[in-house]
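Everything below concerns the one structure shown next.
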Amino acid sequence: MLDKIYTFILIGAIAIIGNWIGYDVSPIVALPGMLIIVAITVSGFIVEKLLPVKLPVVIWVSFIALLVTSPIFPGNESISKATGHINFMALATPILAYAGLSFGKDLKEFKKLGWRIVVVSLIVYTGTFLLASLVAEIGFRVTGKFH
Amino acid sequence: MKKLLSWKIQLIVLALVVVAEFIGIKNFDLGIGVVALFPMLYALIIGAVISLPKLKLLSEKDMNIAANILGISFMLFVAKLGTLMGPSLPQLMDAGLSLTLQEVGHFFGTIVFGLPIALLLGMKREAVGATFSIDREPNLAIIAEKYGADSPEGRGALGVYVCGTLFGAIYLTILASIMANTGWFHPISLAMGAGVGSGSMMAAMTGALAIIFPESANDIALFAGAANLITTIVGTYVCIFFSLPVTNYLYRKLEPVLGRRSRNSETKA
């Protein structure tokens with residue numbers, strides 16, 4: 001758990017620097033928001049460990065983030081304001097950097113695959129994105145929302 | 001215990017982030033539409049080049065650590081998107097119908113498009129594992145438990161998993177940009193579509209959409225995050241009780257029609 005906390009703090013620090021360069025938010029302004037995001041994430045892991053119900057950590061993290069920024073939670077407005085200084089794009093940049101750095105790992109496995117499975121995977125990803133967008137679009141047009 | 005600590009990896013990521021954010025967002029108007037390039041894409045692509053085994057810059061161990069960090073790092077992104085949801089609950093409720101229905105699209109989309117094409121290409125049982133879901137870790141576990149990891153179904157699922165890990169984010173980003181440029185969809189519909197149930201893919205697509213529609217950037221992050229959360233919450237149950245049985249049913253119906261009859265076209269996944 002401790003190495004996870006170190007890792008989150010490191011990623012947070014890197015994202016604060018990215019947020020500074022890319023979105024002109026000074027690290028001092030961004031710090032409280034990032035600490036809150038790290039705290040929410042760590043709480044998610046703790047809740048997952050402690051509760052007997054087995055659900056993916058990502059659900060607990062989302063739920064806690066939603067809870068502390070919802071109107072029923074004391075101080076929700078200051079929390080939202082602080083986390084609002086962290087641009088979500090700045091937070092995604094380090095994440096995709098880790099994704100990039102692990103690329104070579106699966107390359108050997110990839111070379112063993114036939115071309116058919118590559119085509120099918122692209123279709124699978126296209127299908128899930130397009131059909132969901134299409135259904136959402138139909139939903140919006142039927143209910144008249146967003147149009 | 002998965003190993004997470006490596007100064008080498010963290011320093012490279014810091015350098016990638018600094019370089020990527022310095023370059024910033026670049027829009028290219030190709031006449032047929034705008035292609036948006038943005039920091040997270042540079043970080044992804046330069047990172048991938050650095051990791052190429054030929055360059056010998058990273059060891060297998062380094063790459064495994066990067067993959068382990070990736071596995072938990074997207075939680076921070078999810079936490080950030082969660083903080084957008086709290087204050088916007090009424091807005092989310094308001095879009096409730098679309099938000100619920102589009103999940104059917106997420107779960108059906110892989111099967112409806114993927115299975116017929118897999119069968120036409122001559123795949124057999126691999127097709128079931130490959131197309132019943134987007135084949136991320138939880139889905140692999142479901143297939144492994146039911147058929148075994150070394151079964152045809154397991155090989156199909158693993159193939160899509162590997163392709164998705166390598167090219168999913170970049171491919172979906174291009175696709176999302178193309179779709180955004182057609183003007184057929186509302187930005188929020190595409191944002192919901194982006195909630196495919198994988199953190200890095202969703203992050204990259206959300207980035208592309210937010211740059212093409214800057215005035216809706218926050219709503220895009222909000223709805224992509226909400227859709228992704230729902231996909232994750234119901235994902236495992238839907239896959240076990242719905243997606244897998246439906247894919248098997250359709251396989252039995254479609255394989256005799258679309259599948260290649262000859263024995264010697266037995267496929268390798």
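One-based numbering along the chain as shown.
Quick reminder: no glycine exception, Cβ is built from N, Cα and C everywhere.
In TrEMBL this protein carries:
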| type | residues | note |
| --- | --- | --- |
| TRANSMEM | B:30-53 | transmembrane segment |
| TRANSMEM | B:65-84 | transmembrane segment |
| TRANSMEM | B:104-123 | transmembrane segment |
| TRANSMEM | B:158-178 | transmembrane segment |
| TRANSMEM | B:190-213 | transmembrane segment |
| TRANSMEM | B:220-244 | transmembrane segment |
Cβ contacts the transmembrane segment (B:30-53)/the transmembrane segment (B:104-123), at least three under 8 Å, sequence gap 6 or more:
no
Below 8 Å between Cβ atoms, which of the listed ranges B:104-123, B:190-213, B:220-244 makes the most pairs with the transmembrane segment (B:65-84)?
B:220-244
At a Cβ cut-off of 8 Å, and with pairs 6 or more apart in sequence only, do we get at least 3 pairs between the transmembrane segment (B:220-244) and the transmembrane segment (B:104-123), yes or no?
yes
